[in-house]
Number of protein chains: 2
Amino acid sequence: MLRTHTCGELRLEHVNQEVTLAGWVQRVRNKGGLIWVDLRDRYGLTQLIFEEDSSEKALLEKAAELGREFVVQATGKVIERTSKNDYIPTGSIEIKVTALEVLNAAKVPPFKIEDETDGGEELRMKYRYLDLRRNVIREKLQLRHKMMQETRKYMDEQDFIEVETPVLIKSTPEGARDFVVPSRTNPGEFYALPQSPQTFKQLLMVSGFDRYFQIVKCFRDEDLRADRQPEFTQIDCEMAFVDQEDILNTFEGLTKHLFSKVKGVELEEVKRMTYADAMKYYGNDKPDLRFDMKFVELNDLAKGKGFGIFDQAELVVGICAKGAAEYTRKQIDALTEWVKRPQIGAKGMIYAKYNADGTIKSSVDKFYSADDLQDWADAFGAAQGDLMLVLSGDADKVRKQLSELRLKMGEELGLRDRTVFKPLWVMDFPLLEWDEETERFHAMHHPFTSPKKEDIPLLDSDPGAVRANAYDLVINGVEIGGGSIRIHDRATQQLMFKHLGFTEEEAQKQFGFLMEAFEYGAPPHGGIAFGFDRLCAIFGGSDSIRDYIAFPKNNSGRDVMIDSPSSIADEQLKELSIQLAVVAKS
Amino acid sequence: MLRTHTCGELRLEHVNQEVTLAGWVQRVRNKGGLIWVDLRDRYGLTQLIFEEDSSEKALLEKAAELGREFVVQATGKVIERTSKNDYIPTGSIEIKVTALEVLNAAKVPPFKIEDETDGGEELRMKYRYLDLRRNVIREKLQLRHKMMQETRKYMDEQDFIEVETPVLIKSTPEGARDFVVPSRTNPGEFYALPQSPQTFKQLLMVSGFDRYFQIVKCFRDEDLRADRQPEFTQIDCEMAFVDQEDILNTFEGLTKHLFSKVKGVELEEVKRMTYADAMKYYGNDKPDLRFDMKFVELNDLAKGKGFGIFDQAELVVGICAKGAAEYTRKQIDALTEWVKRPQIGAKGMIYAKYNADGTIKSSVDKFYSADDLQDWADAFGAAQGDLMLVLSGDADKVRKQLSELRLKMGEELGLRDRTVFKPLWVMDFPLLEWDEETERFHAMHHPFTSPKKEDIPLLDSDPGAVRANAYDLVINGVEIGGGSIRIHDRATQQLMFKHLGFTEEEAQKQFGFLMEAFEYGAPPHGGIAFGFDRLCAIFGGSDSIRDYIAFPKNNSGRDVMIDSPSSIADEQLKELSIQLAVVAKS
């Protein structure tokens, strides 16, 4: 090695040892014939010292010429520092350098390589290799490393086998858009990159692998939002001979293991909630349970009192913000404007303040008596000092709006603490959801999800009411995993495809291999997949997954560092039997 | 769970317990009012018994109707067997079944689900999910799982960070052919799938990650041979602030760890050999060291004795097969025919047999006296009972031919034992190799490999003589890993590109990001990548990697199970701004 120790390793016990360190120059200070250099590597920071009286002149000159981010190798004796730095583990010592070699010079970096940087996002993406030098970014990827190792450790202990499934697979029309790969050896044909290894993991269950997992790259050619990447990573799992309860327990176990080993947090039992309740009480299939503020429906109390807006609404529903009665009129007006923004879309907002003196002041005092408002307060479980906020309108829409308002109030009141973790199983999702655009039902999860046995008769009469054996793991309002018990017989799978609008021929062409596999002895099975990038972000207390990905793409799907995608040679196109058909921009 | 125990778990200590098992019917025997069913799962085999006197009639009838590969759940009491089966761990007990449920029926499988199957390769590929049910195949993938976990364990303990590098990258003209992915959002542009994460892992070193690894899928659109797959897996590693010695030691450590933990084999120290010696003594840059049979050059002894073939040859070189003097004339003729096949291409073969009586009989007795032949024998270190085989011709070609012959003799003499493991570092590879087709030098390893400092002056005068800081790990004649110390400064990298025939503009366009990164403080670094599929095959004692891949593709790059690649919809092509240009077959 070009070093005897790392920059994070030396302590008082090493004093008088001759050592060699290598790393990057973080800082150079030059004062009164003394030069100090902070040398940095992944493991820490160590101070080098050059003294005019004892160091050779040439050495001192060399030290004086060091710039930020130079890569150097320094040899010298460990000595005790006179003024210790308690903030870093190596702060009690420094190295009195006797030999210095510049291993590589460095241009001045385009932004500061420090925890707080002055680089904008695009610049940091272009020089991602410099951004990754910053401790705060590198630590996020070290967290990810630890998450991976601990995930594998747990899964291995639980007898899961890690199996790599193929990346070059087959395009299917179901689900999101595929990335495709033209085949040179099969002209006119294409592979597709997997959106998930779904069918392969089910085939592994048919193969008797019993318990499978994989930490695997998946791909979706979707229009990107801030928090989406065209390639992302899943913890992908499947088990045979299980029912839903077994899967929930096994992966509650994984979640607890990760929190314990990676965060040192001992998680309480994961709560469970039906999809129906999540929508009714939180207006959201991924409620943030770090705070309560449940929805309270007020139709019985609010209607028929002459307030037209409520009378005409399908649903009047509100939340009670504990201790928020101190909100000023101005703050409440701002909230009203906020819910009326097009992104939220509410028509307006009603409030009722439970004052410290026991009176209730509302924006609809004209229509509701003090007793009426007291009834509201009782329904909300409101006490003095609380603020009730009420929306009304079309039931589905108003629930969504109120869900946004609830999250905003949680944020404003400081109830969404990033160091608190509230996991939740949301269960009994609908099997199908109606798609307005195509005017047909789509699989809410995917076409391999099994319906609840008792709901199968509804498939013909009321498809939207059929519940699936499907479940999501939600932490702090973020969906981090989802799965289901699968269909494992040909007849049910065919029925499902029929209800999704596949002709028999289409179903056979796309998924014939799976349905045929079900005829050769398929065991009952089910599984789950975790969004690994998002899981890491949650663990790191961050909203964005991008920092947890070593080399992310930007919002147009470009890697600005390597400048990809890019044009390819005509010869390549020819070999692949394709040609460009780019429509010129007018 | 649908079971209380697995099929591999029950022992005498469980007798009298009521248990439920679930699995596949391996075999049904029906004799004298008794029915035995062998129930199989990943964990083992357990015998179920149904008795006419005590089992209900309906139960017995159900059992009689079971077919091979039916999936069943059986409940009953564990009882001691009267005739025990010592060959399986559960052979002392059986289950007296009281309840039986068929979880899924099965059609008769297209081939036998047993260690020895009657299915041909294509059929087993099509029904890969059934082939994977066979213990011998599943065990190979369990070996792979164990290799992965132990690799990660070792790397984690050595402070390596596992980082996922992107799959959607940029196409480069250097090296093998890329698979490409048309970008929908950047019309006319393409991503490429990585042939290796080479540049990204080097950037991680520039980022100060210090030690990186990843077990990662890589892709090459090459014409496939029996033992190649378009997607394959690498253990990919890189280290900063190291020299070659550090890398050899670290990965010798990994190799020993894997052999110890996975195979229970304590490996001796890994031998080292220069590329020049490997070629001189074995005619091969990946010599199989399970046996000796080194090349002996005979120019001095064989030329000038009137034997025209030798006199005109650039090189006369042979091997000595210990104890092979008993080869008959017919066997030797067969060997001669074998080396003359077009795949080997030798013009002929000379032999000299050291008989038990001390005489030496050769096929060129006309030209060489007994003393001449004794001199040969001395050069070979041959003793009574040995067989010397000699080829001649153009030096490079004859070495290749003799290498093939050496391996064949090793095979025939039983010297290539699959349970013996002889690892070897081959070092000091040439930096460049001449490509006849393009009439220019190519990088033997890749363009990022550093030349040996002392050889840099040769770059202009004798490029083919420049040695690289490059090394391969070879086990039993198979290259399982290769790597190098990299270039880490812009000037050398530019020089390298120049010698590879890149214009400055091309180099900048393709690898500008890397050369720019080298200007911001790049540490000295190097690494290695192991072919993971091949490593697993070596551990499993197999020649073919295909069985170690869960869902392999056939020799035309097709997945015959899912029928991929396949055509895609016109709408997809249009969205991707490409069209087909398939040339009709004439």
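Heads up, the Cβ atoms here are built off N, Cα and C, so glycines get one too.
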Additional site residue, B:Arg133, B:Arg134, B:Arg486 [criterion: listed by TrEMBL with B:Glu174, B:Arg220, B:His445 for L-aspartate]: B:Arg486
Per TrEMBL record, range annotated region 'Aspartate' [choices B:66-69, B:198-201, B:462-465]: B:198-201
Residue among B:Glu269, B:Glu479, B:Glu575 sharing the ATP site, where TrEMBL lists B:Arg220, B:Asp221, B:Glu222, B:Gln229, B:Gly531, B:Phe532, B:Asp533, B:Arg534 as binders: B:Glu479
Beyond the flanks of the region 'Aspartate' (B:198-201) by 6 or more, those residues with Cβ under 8 Å of it: 165-166, 169, 212, 214, 236-238, 446, 448, 511, 513-514, 527
In the chain carrying B:Glu222 (ATP binding site), residues 6 or more apart in sequence that have Cβ under 8 angstroms from it: B:Ala176, B:Arg177, B:Arg228, B:Pro230
Diameter of the ATP binding set by C-alpha atoms, the set being B:Arg220, B:Asp221, B:Glu222, B:Gln229, B:Glu479, B:Gly531, B:Phe532, B:Asp533, B:Arg534, in angstrom: 20
Maximal Cα-Cα distance (Å) across residues annotated as binding L-aspartate, namely B:Glu174, B:Arg220, B:His445, B:Arg486: 22
Cα-to-Cα gap, B:Arg534 (ATP binding site) vs B:Glu174 (L-aspartate binding site), nearest whole Å: 24
From binding-site residues B:Glu174, B:Arg220, B:Arg486, the one whose Cα lies nearest B:Phe532 (ATP binding site): B:Arg220
Whole-number Å value for how far B:Glu479 (ATP binding site) lies from B:Glu174 (L-aspartate binding site) (Cα to Cα): 22
Nearest of the binding-site residues (B:Arg220, B:His445, B:Arg486) to B:Glu479 (ATP binding site), judged by Cα-Cα distance: B:His445
